[in-house]
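Listed in TrEMBL:
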type	residues	note
DOMAIN	7-238	domain 'NAD-dependent epimerase/dehydratase'
BINDING	11-17, 106-109, 141, 164-167, 180	NADP(+) binding site
SITE	108	site 'Important for catalytic activity'
SITE	110	site 'Important for catalytic activity'
ACT_SITE	137	active site, proton donor/acceptor
BINDING	188, 203, 210, 270	substrate binding site
Ligand code: GDP
């Protein structure tokens, strides 16, 4: 990838895509193309074919997906499996057909079996049953990985796949129903503080363990691997450290400055008991995350108060 290579970032308005655009800018890449949903509906094959034939990008970062937190996944299974399968099929096939030189696909740590040994290694893919709350999304992401591997084997298409852990950062979705845990808790504690509430409720038991990576770290890993890795093997991207949801909630409560109690609502799902990635493959390639969790959460809270709190 050269400074003037033509690069398409699919999903540039989302948490991950917007971070990839910023990371490419910081690294000096200036020839970046993007498309809004209105300009190119990625679930429509003809739209994707026309868009790629017209613009002929050399490199594609595939950050477009139907995403959401545990409740959204659990309650909208048809949208999660259909939209993701359609987007992946269209982009991977049409990128190959239009002559893209290299393609980067983003999966998720939820592709691993619910009870995979921890930390989860890349080899654990397809070794056991999935977590039921997000199996629709996970199946679609596994299909995307397999498409990349199949197009590499049959056509020599240089498609690589990264598996990010749970992500957070600016420009996330802060909707209380469909968001992931970090933006959900930022918003909940912010509103509880504003109302002077005595307590705020957190879903589940607080015992599940998750690993959190700043999206700017993920984006830098994407640029790094686009430049330095080609292969069929998937690559985990994370910090290699996890924490309980209770510990996360306490950290976010401190950052937001809410001084009420945290109450756990065990009628809500916990999801997978633990999701921690083994990142030794990535480390061996020479990449490490740079951002501190507490600082990253504080930055995300500042983004929320500046951009989203008033619209919440
Ligand atoms: P997951 O990693 O796919 O389970 O994604 P989430 O980020 O949605 O949830 C992570 C964990 O945080 C789960 O155990 C949730 O039950 C817990 N959690 C606690 N409160 C919330 C909340 O308000 N929203 C979400 N999405 N998760 C929450």
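A Cβ is built for glycine as well, from the same backbone N, Cα and C atoms used for every other residue.
Feature map: annotations from TrEMBL on the structure.
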residue: 11; record: NADP(+) binding site; Cβ contacts under 8 Å, 6 or more apart: 17, 62, 63, 64, 65
residue: 14; record: NADP(+) binding site; Cβ contacts under 8 Å, 6 or more apart: 63, 64, 65, 67, 171
residue: 108; record: NADP(+) binding site; Cβ contacts under 8 Å, 6 or more apart: 137, 138, 141, 163, 164
residue: 110; record: site 'Important for catalytic activity'; Cβ contacts under 8 Å, 6 or more apart: 130, 131, 134, 137, 138, 141, 272, 275
residue: 167; record: NADP(+) binding site; Cβ contacts under 8 Å, 6 or more apart: 15, 16, 180, 212, 213, 214, 215, 218
residue: 203; record: substrate binding site; Cβ contacts under 8 Å, 6 or more apart: 70, 71, 181, 184, 264, 265, 268, 269, 270
residue: 210; record: substrate binding site; Cβ contacts under 8 Å, 6 or more apart: 165, 166, 181, 242, 243, 245, 248, 274, 275
Of 164, 270 (the binding-site residues), the residue whose Cβ has the fewest other Cβ atoms within 10 Å: 270
Per DSSP, three-state class assigned to residue 14 (NADP(+) binding site): coil
Residue 17 (NADP(+) binding site): tally of other CB atoms within 10 A of its CB: 23
Spatial neighbours, same chain, of residue 188 (substrate binding site) - Cβ under 8 Å, 6+ residues apart: 176, 200, 201, 202
PLDDT averaged over the residues of the domain 'NAD-dependent epimerase/dehydratase' (7-238): 96
Listed binding-site residues with Cβ under 6 Å from ligand 1, out of 11, 167, 203, 270: 203, 270
Among 188, 203, 210, 270, the record's substrate binders - longest CA distance, Å: 19
